[in-house]
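These notes concern the structure reproduced below.
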Amino acid sequence: MKRDIAQTLNELLSNKFSTIEIEKMIEKPKHVDHGDLAFPCFRFAREFKQSPADIARDLGGAFVCEGVHKVNVVGGYINFYLDIPILAAKVMSDITTQGSHFGEKQVGQGKAVTIDLSSPNIAKPFSMGHLRSTVIGNALANIVEKVGYKSIRINHIGDWGTQFGKLITAYKKWGDEEKVKTSPIVELHKLYVHFHEQAELDPSLNDEARLWFKRLEEGDAEAAKLWEWFREVSLHAFSLVYELMGISFDSFNGEAFYNDKMSAVIDMLERANLLEESDGAMVVRLDEEGLPPCLIKKRDGATLYATRDLAAAYYRYENYSFAKSLYVVGNEQSLHFKQLAAVLKKLDVPWANDLVHIPFGMMLKDGKKMSTRKGKVVLLEEVLAQSVKIAQAAIEEKNPTLAKKDLVAKKVGVGAVLFHDLKVFRQNDVHFSLEDMLRFEGETGPYVQYAHARACSILRKAKMDMQHGWSTTYETFGEEERPLIIQLHAFEDTISEAVKEWDPSKVAKYVVELCQHFNHYYAHVNFLQNANEQEKQQRLTLIYSTTIVIKESLRLLGIDAPEEM
Ligand code: ARG
C-alpha cells in the first residue's frame, strides 16, 4: 500500500522525487485516530516555498488512490485511511499464497552476515549475559535471513587465556576426575573459585598458573590434554542448554582457534608501524581516537583477548566475506569493540566499518545484577527446567487431557524465558522473574502461544466450513477487522525496522499487539454464529492468516508455536 500511496504522491509532485524516498517517509501515525498511514510534508517547505500545512492541504485535496478511502489533513501531515476490503484482499492473498514466506525480502541478496553470539567461557557457568547474547543473536540471525542475507552463527567460545593456567594448577592440586566427569561446569568452577581464595593466601600460586599457561601456549602435552578435556566436557554441558533452546551454530571456533593466526596480525601491525612498546608490553596507541591503547601482547609474550579478536575479524572476512559482522555482546565490552574497530581502521581495511557491536543490558534480579558469584551459581539449565515445570503445572490445571503434554510444556516453558528476554529493547535491563515470564496475560510468551493455539483450534473446529478454500474478497469487512488487517499489513515493515536497529524486540512487541487485536476480535465478533457463508469464509481466512503471522513471528524469535495447549 505504501508503494501505491508514494507513487500517487510523487505524481502530484510532478515526479520530482524518487518514489522510494517518498515511500520511506510514510509513517505509522502515533495515534489510531490519525488514520492508518501518514505523510509528513515538512521536508518540502523550502523547495516549494510554502508552509508544510499548505503543502499538505494541496496534496491531500488532490489525492486519489485505489485502496485509500479517506484522506485527512492535520497541520503538516496528510493522514490516510485505508480501504479495509481492498487492503484485506491484498494482504491475505499474499499470506494465503506465501504461507510462512510472507514478509520475506531480498535486500540481503544472499550476502553473508556473521553473528558472534553466546560465546560462553569454558569451565565457567553459562551466565545470564550469555543467555541474552544467545537469544538475541539467534533471533537476529533468523531476522536477517528473512530479508535475504545468509547468516553465520559463530560461537566464539572463551577457551583460551591465563585462566586456563589457573584451572590446570587448581585441578592438579585439588581436582577429582570423577567429580569433573559428573558435573563438569560446577566442579571446574569450584576449582577456579578455590584457586582465587588460595592465591590470596599464597601468591606464588599465580606464578605457577602463569607457568602452566605458558606451557599450554607452547604446546606442552600434559597442559594440552587437560585443556582439551576441560573444553570437551564444558562444550558438552553447554550443548544440552542449546538443545533445550533449539539453537544451533555454524561454527564453534573459539579463542583458541586463533592461536596460529595471531602472528600474521601482529606482523601487519608491525609493518604498518602501529605497534609500540609500553612497559615491556606491545600496544597500539589510539590517542587520536580518544581511546585507551589496545593491548596486543603482554610483557611475557602472551597474547590477549583483543589480539584473538583481531585475528578472528580477519579470518571471518577472509572466509565469509561478510557484508556485516555482528557481535552480540554485553554493554560492558563496548570499549573493547571500539578499540577493535579503531585498530582495523588504522590498518586501513575497507571492511572495518562493517563490524557492528550489538550491546545489550543486564539481567537483574531483585534490582541487582544476576551474577555467578562464588559458590552460588545461577545455572541456566535450572532456570529453564524450572520454567518448564511451571508450564507443566499450568497445563495440568488448564488442559489435563492435552496430547503430548510434556512436549508442549517444554515449548511453553522455554518460550517463556526467551520471550521475556526478547520483548525488552535490548539495551534496557531485563528484570528476571519466572512468575512474570509464565503469566498467560500481558506481554508474555505463553500469552502469544496461547492466542496462536486458540486460533488454530477455531480453524480445526471450522474444518467443514473451510472446504471452499480461502476467500479472495472481503466486502463484509469493516471497522471490526481494521486493527487486525492493519497489523498483518505491518509485518513486513516491522521486520525491516528490526533489521535496521538490530532489535528483535520490534518483532516481539509486534506479535503481542497482533494477538491483542486477535483476542479483541474474537471476543467481540461472534464470528461464526450469526454469519452467512460468505462472512464465515472471509473471517476464517483472516483467522488463518493471523495464525501464519503469529507463528512466523515466534519462529523469528526462536520460539515454537504449539497448535494446542
Ligand atoms: N567469552 C566472552 C565473555 O564471556 C565473550 C566473547 C564475545 N565475542 C568476541 N568475539 N569477543 O565475556
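A Cβ is built for glycine as well, from the same backbone N, Cα and C atoms used for every other residue.
The structure displayed is predicted, hence computed values, not measured ones.
Quick look at what TrEMBL annotates:
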DOMAIN    3-82  domain 'Arginyl tRNA synthetase N-terminal'
DOMAIN    448-565  domain 'DALR anticodon binding'
MOTIF     120-130  motif ''HIGH' region'
Treating G and I as helix alongside H, and B as strand alongside E, what does DSSP give for the motif ''HIGH' region' (120-130) in helix, strand and coil?
3 helix, 1 strand, 7 coil
Helix, strand and coil counts within the domain 'DALR anticodon binding' (448-565) (DSSP):
83 helix, 0 strand, 35 coil
In the domain 'Arginyl tRNA synthetase N-terminal' (3-82), how many residues does DSSP assign to helix, to strand and to coil?
38 helix, 18 strand, 24 coil
